[in-house]
Amino acid sequence: MIHIDFESLRTIGLTQSVASQLATINELAEGTRLARVTEIHRDWAIIHDGALESRARSLNRLVQSLQAGDTALAVGDWVLVETHAHDEQWLSERLPPVTHLARRTSDGRRQSLASNVDTALLVMGLDHDFNLRRLERYLALAESSGVEPVVVLTKADIGVDVEDRMRQLTERLPRRVQAFALNALGDEPARVLAPWLAPGQTLILLGTSGAGKSTLTNALSSSSQETGGVRRGDNRGRHTTTARSLHQCPSGACIIDTPGLRSWQPDADEEALAASFDDIGELARHCQFRDCAHEEEPGCAVRGAVDPDRLLNYRKLLRDARRSQQTPLERIADRNKWKVIIKAHHAKERQR
Ligand SMILES: Nc1nc2c(ncn2[C@@H]2O[C@H](COP(=O)(O)OP(=O)(O)OP(=O)(O)O)[C@@H](O)[C@H]2O)c(=O)[nH]1
Ligand SMILES: [Zn+2]
């Protein structure tokens, strides 16, 4: 049996559902402890056991079992730690994550971002950073992993067209998603985001470089992250955050700060995408073809019924998702099938 000090592990986000998974693991080495991963480096991880942070490496059997499952250790993971000779810390197991955020890089590789996250704060500046398509991709990333998204628009104090941009945002986003415009530099963030900062809650900050993630981390946690001075002229942050890391908040929540992501896609399949774009998914049930891509296909119920830019964004994500699910041969067969259907449709139109 492993001894857990629930109270102190609670301060780094331990929940009952994670603790109950310990029962499923048998044959624990003497002295095994539970800890949470707070930083990932190439050859080691930093772990926190509720009291102290230390450096630990993964035992071979953990490396192999993660590789076999096409996954990797991420910040926020709960791990079992053994202490070996010379006080060396070794990770022997990862508890199955309750949620796991991953993305696909532009070359198609899957990259783990964080585990056991409750809320994703999607951070976007009300300056030139404002981009609804990108925000929709972040939404798909969060929702396809079962993580609640909350949109945080920073730089409300210096942004331009703030009201107009908020209107665009509410028109475009699903109603279930909450959005706040604020000044990340003051005490506003802790007040506005209090409902998501309860003890045991874990949040992740996602957004481009310079959006204000580190500024928000500072406003919400007790740590002081270096924030990038904005480069003169383009309002962009310098790339200060270089690794994901976990911070404790005075409220009892934990925050994972991430470096700005560049060229990525959500690691979502078609079904997960449809859940995030559920307005389109709902309309798509009335398309003539079940696998309609809402481009030129005849009998499409989506085209013309949703914001064209939102549809364009969805179609691009859908194409990417299908690309990672189909073999090249399936892709060619698919393309040829649609060519025939569309040609037949045009021929029929001409006969009318
Ligand atoms: N006036 C104002 N400035 C802000 C606000 N939020 C962030 N900034 C500034 O914007 C710059 C970039 O903010 P950061 O917090 O470093 O951005 P980041 O998202 O962490 O960037 P990376 O670490 O590069 O990923 C800093 O100079 C902040 O002071 C805000 O709400 N109002
Ligand atoms: Zn359609």
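Backbone N, Cα and C define each Cβ position, glycine as well.
The GTP binding site annotation in TrEMBL covers THR154, LYS155, ALA156, ASP157, GLY207, THR208, SER209, GLY210, ALA211, GLY212, LYS213, SER214, THR215. Under 8 Å, Cβ to Cβ, and six or more positions away along its own chain, ALA156 (GTP binding site) finds LEU126, VAL162, ALA181, LEU182, ASN183.
Annotation note: CYS287 (Zn(2+) binding site) sits in a coil segment as assigned by DSSP. What TrEMBL lists as Zn(2+) binding site is CYS287, CYS292, HIS294, CYS300.
Per TrEMBL, the feature compositional bias 'Polar residues' maps to 216-227.
Look at TrEMBL and you will find 105-264 tagged as domain 'CP-type G'.
Summarising the annotation, TrEMBL assigns domain 'EngC GTPase' to 115-262.
Taken from TrEMBL, the feature region 'Disordered' applies to 216-242.
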Mind running the binding-site residues GLY207, CYS287, CYS292, HIS294, CYS300 against ligand 2 and keeping the ones whose CB falls under 6 Å of it? CYS287, CYS292, HIS294, CYS300
Among ALA211, CYS292, CYS300, which are binding-site residues, the residue with the most C-beta atoms within 10 angstroms of its C-beta: ALA211
Which binding-site residues sit within 10 Å of LYS213 (GTP binding site) - Cα, from CYS287, CYS292, HIS294, CYS300: none
Quick test of your reading of the structure: among the binding-site residues ALA211, LYS213, CYS287, CYS292, HIS294, CYS300, whose CB sits under 6 A from ligand 1? ALA211, LYS213
CYS292 (Zn(2+) binding site) to THR215 (GTP binding site), Cα to Cα, whole Å, comes out at 43
Quick note, THR215 (GTP binding site) and CYS287 (Zn(2+) binding site): C-alpha atoms separated, nearest Å, by 45
